[in-house]
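Visitor: One structure coming up, written as structure tokens, with questions to follow.
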Amino acid sequence: MSGHGPARPMSALASPPLRGTAHVPGDKSISHRSLILGALSVGETRISGLLEGQDVLDTAKAMQAFGADVVNHGGGDWSVHGVGVGALAEPENVIDCGNSGTGVRLIMGMMATSPITATFTGDASLRSRPMGRITDPLALFGATAHGRDGGRLPLTLVGAANPVPVRYTTPMPSAQVKSAVLLAGLNAPGETVVTETEATRDHTERMLAGFGADITVEEDGQSRIIRLQGQPELRPQTIAVPRDPSSAAFPVCAALLVEGSDVLVPNIGLNPTRAGLYTTLKEMGADLTFENLREEGGEPVADLRARFGPLKGIEVPPERAASMIDEYPILSALAATAEGKTVMRGVKELRVKESDRIDAMARGLEACGVTVEEDEDTFIVHGMGPGGVPGGATCETRLDHRIAMSFMCLGMATQKPVKIDDAGAIETSFPIFIDLMGDLGAVFRRENA
Ligand SMILES: O=C(O)C1=C[C@@H](OP(=O)(O)O)[C@@H](O)[C@H](O)C1
Ligand SMILES: C=C(OP(=O)(O)O)C(=O)O
């Protein structure tokens, strides 16, 4: 969907202690990949716990356009009858990936080595995001992209008729770039090798192995070399999607923000390539426990319990950035209520997300009375202590779900309410956010546009 209708302003008021259990939705990264790999397997892939956020629904629709049969059985249960590697149909219309960088970038990778052409677009946020980071490596396989200035959407990708395998080192830490190259490598004859110098989320590698691809990963510290043999026959799978640690971050951090809170967030995927926020919170002194640590579907899972308590500002090291890249907005909101400053280094990738997240958080926090400092790659928040943030501002959300949810959480613990100009983007990743937080005790108020 390339837009979400009229703006929906909303305010967060001071909250009583948050109490209860928060069942957050399925992991967004794994949900996209389940649909895409399902479409590339011959036969039926069954998925339970799929995230039914708009980003993933747009990917489901795209898979239909490429020839897969995607069925929603209700209650998070979906099935995909795939066409197989190398057998994608040419879409009859433009593929609209809405707000989703993951969706459009992985799908471009998926089709780049098939002899078909597709045109991609998205909402104003997605149309502003760089796609050259994907189309450059896809050109090495033989695909051709015709996009707007800077490789932006709308963009037409002409898949390679005679693809060749590729060796590629990702120039920035990006699981989307790595995954696009691996998905393209699936239909290239021979071995495609992707090297990353900083480890990023590894769901694509894990899931490709699960679907029967011949893939190996050699790790050397932070650096990883991934080798994939092209043209496998992928086997359909039964997938139980773990709950999303990036969504769990909101009820967890809200509990750490609001005095007297005690919240349980069960069944959270804690893949080490995703869990950097939780390490950071512990370093800040958070009362956070991991109960029932176990393994489910090849991913580590635990029940998180967060209780309010004093937090101190810390330095978050740059090498941790990839493992918590989507959590910096909520961390910066939380940091505003800690004692002392929180320094986040190595975070320039935040500038090319759904919005420039450093700028969006900086301007909103300043409007709420918080002192911040920034340069291209660093963000510093000066904490004002529990109850110390004035609030009383309207924060721009810029079509960015994580900015919207971060300011809604901050407003639960500010002296005056915090208003956001539009809650609409929250639907992309966490459609039940408002109700779930309300059930824990949060007080949100819809405002007039
Ligand atoms: O591969 C993925 O599922 C994702 C990778 C990350 O993006 P980058 O690859 O651009 O860092 C992350 O921000 C996004 O929410 C999901
Ligand atoms: C960056 C994000 O998503 P995407 O890149 O898929 O739009 C996110 O969910 O925070």
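Using the three backbone atoms N, Cα and C, a Cβ is placed for every residue, glycine included.
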Visitor: Per TrEMBL, which one of Arg224, Arg307, Arg320, Arg402 shares the phosphoenolpyruvate site with Lys28, Gly101, Arg129, Gln176, Arg357?
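Guide: Matched candidate out of Arg224, Arg307, Arg320, Arg402, per TrEMBL for phosphoenolpyruvate with Lys28, Gly101, Arg129, Gln176, Arg357: Arg402.
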Visitor: Scan 1-26, 183-208 against TrEMBL and say which stretch is down as region 'Disordered'.
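Guide: Per TrEMBL, the stretch marked region 'Disordered' is 1-26.
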Visitor: 10 Å Cβ neighbour count around Arg357 (phosphoenolpyruvate binding site)?
Guide: 25
Visitor: Could you tell me the mean pLDDT the prediction assigns to the domain 'Enolpyruvate transferase' (17-435)?
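Guide: Mean pLDDT across the domain 'Enolpyruvate transferase' (17-435) comes out at 97.
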Visitor: Among Lys28, Arg33, Lys353, Arg402, the binding-site residues in question, whose Cβ has the most other Cβ atoms within 10 Å in this structure?
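Guide: Checking each of Lys28, Arg33, Lys353, Arg402, the winner is Arg402.
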Visitor: Taking the Cβ of Asp326 (3-phosphoshikimate binding site) as the centre, how many other Cβ atoms fall within a 10 Å radius?
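Guide: Other Cβ atoms found within 10 Å: 23.
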Visitor: Which of the binding-site residues listed here (Ser29, Arg33, Ser174, Asp326) have a Cα atom within 10 Å of the Cα of Arg402 (phosphoenolpyruvate binding site)?
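Guide: Hits: Asp326.
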Visitor: Near ligand 2, which of the binding-site residues Arg129, Ser174, Asp326 are found, taking a Cβ distance under 6 A to any of its atoms?
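Guide: Only Asp326 qualify.
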Visitor: Across the region 'Disordered' (1-26), what are the DSSP residue counts per state (helix, strand, coil)?
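Guide: Summed by class, the stretch gives 0 helix, 8 strand, 18 coil.
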